[in-house]
Amino acid sequence: MRIIKEWLHTQKLRNRLKEVFAKAGLYTEHQTRGGKVPIYPKVHNVSSSTESVRYVFTIPNGLDPQKIEKKWFCFQQILGRNITIEGDVKKFVLHVFHSDSGLKPYKYCYKEWHSLLKEYRLPVVVGRDQFGKMITYDMLNSNTPHLLIAGETGSGKSSMVRVVLSTFIQYMSPDKLHLYLGDLKNSEFHFLRRVKHVKEVCMEEIEMKIMLQKVWKEIRERRKLMEQFEVDHIDAYNKLNPDNQKPYILLAIDEVAMLKDEKECMITIEKISAVGRSLGVFLMLSMQRPDAKVLDGKLKLNMTVRIGFKCDSAINSNIMGTPGSEHLEQSGQMILKRNGLKKVQAPYLELSKAKQIVEPYRMSKEEKMLQIPLKEEIPLFGVLDDEE
């Protein structure tokens, strides 16, 4: 009798997922003599625990995997909002959680994460998922070079930006990582101005143009060096040139949407997103409100990792590609888009604590003044005019 009950329960769960596939239109069509027959994803396994229900399924050949994200609202309507999915092309693992109890607020502590970061070259701390698993990844990975963060005031966006940058500063030496920071609201990066890793902090659009020109010039120089040494990645060049190694570069711009009318800047940012990874140049862009005019075309496609904190509408969450983030309620809670969609709780790092963390890495004002070179005469326009 118990076996029959378990089988009936499993069939009920399986049928709920099949209902999702039908309502979402997740199928391909096969032509037969009697007409077209729909071919739905195949459910291979269903297992349940006190925390969640786990589904494993594969989609039929010819079905666009992106359709799962586009129809995510159907999954939420039928299975609930506490769901995550992992997979990319064919096989997917879907978890349906019974509650949000696994996502509790907690404070950032670098020591707790350090052991997980050792295998990475440019590690990003994300947070803990609903199983309590600590989520990290390497920006050097071919699938995750650039990061996009969005969230309204109080959602946890600013804390997340501080977590990412503070981790970089503690993990990497100033000769291995250079930070170029754009702070168009003068609210995020001011406390990093004299940190040894930081080469520039810009607060005005005109300064951003000059900084982007410098980064693009460095990219062009690296291209020539890699061509000269016949290598396809900056790491390979560094191995051949131990005495003249090139550092990784992170270009972080907060409120990048404020540059949407600066066509020249946006073109440069988009080009960096396309060619930067192999050259050791990476992007972290953040904004309060996702803007379709900024996140269009190649730039959005190249920002492969996206963190969506609470936003004000389904329209904005869909612009970000993090459906469901409009329903988040707890500060620090996010929808992480990285090989799927996952709900994660970010660690909290307040500004005063971040200042304490970076204090040992700051130089004195006198040292900073000595490091400032004589300013070159750099044209404010035509940043890309001399591109090869």
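The count begins at 1 with the first shown residue.
Here the Cβ of each residue, glycine as well, is placed from N, Cα and C on the backbone.
Unlike curated records, TrEMBL annotations are generated automatically.
Noted in TrEMBL for the protein shown:
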DOMAIN    132-318  domain 'FtsK'
BINDING   Gly151, Glu152, Thr153, Gly154, Ser155, Gly156, Lys157, Ser158  ATP binding site
_Quick check: which same-chain residues outside Gly151, Glu152, Thr153, Gly154, Ser155, Gly156, Lys157, Ser158 lie with their CB within 8 A of the centre of the ATP site CB atoms?_
Gln288, Phe309, Lys310, Ser331
*Just how many other Cβ atoms lie inside 10 Å of the Cβ on Gly151 (ATP binding site)?*
32
*For Lys157 (ATP binding site), what is the secondary structure by DSSP, using just helix, strand and coil?*
helix
*By a simple count of other Cβ atoms within 10 Å, which of Thr153, Ser155, Ser158, the binding-site residues in the record, is least packed?*
Thr153
*So for Lys157 (ATP binding site), how many other CB atoms are inside 10 Å of its CB?*
27
*Densest Cβ neighbourhood among Gly154, Gly156 (binding-site residues), 10 Å radius*: Gly156
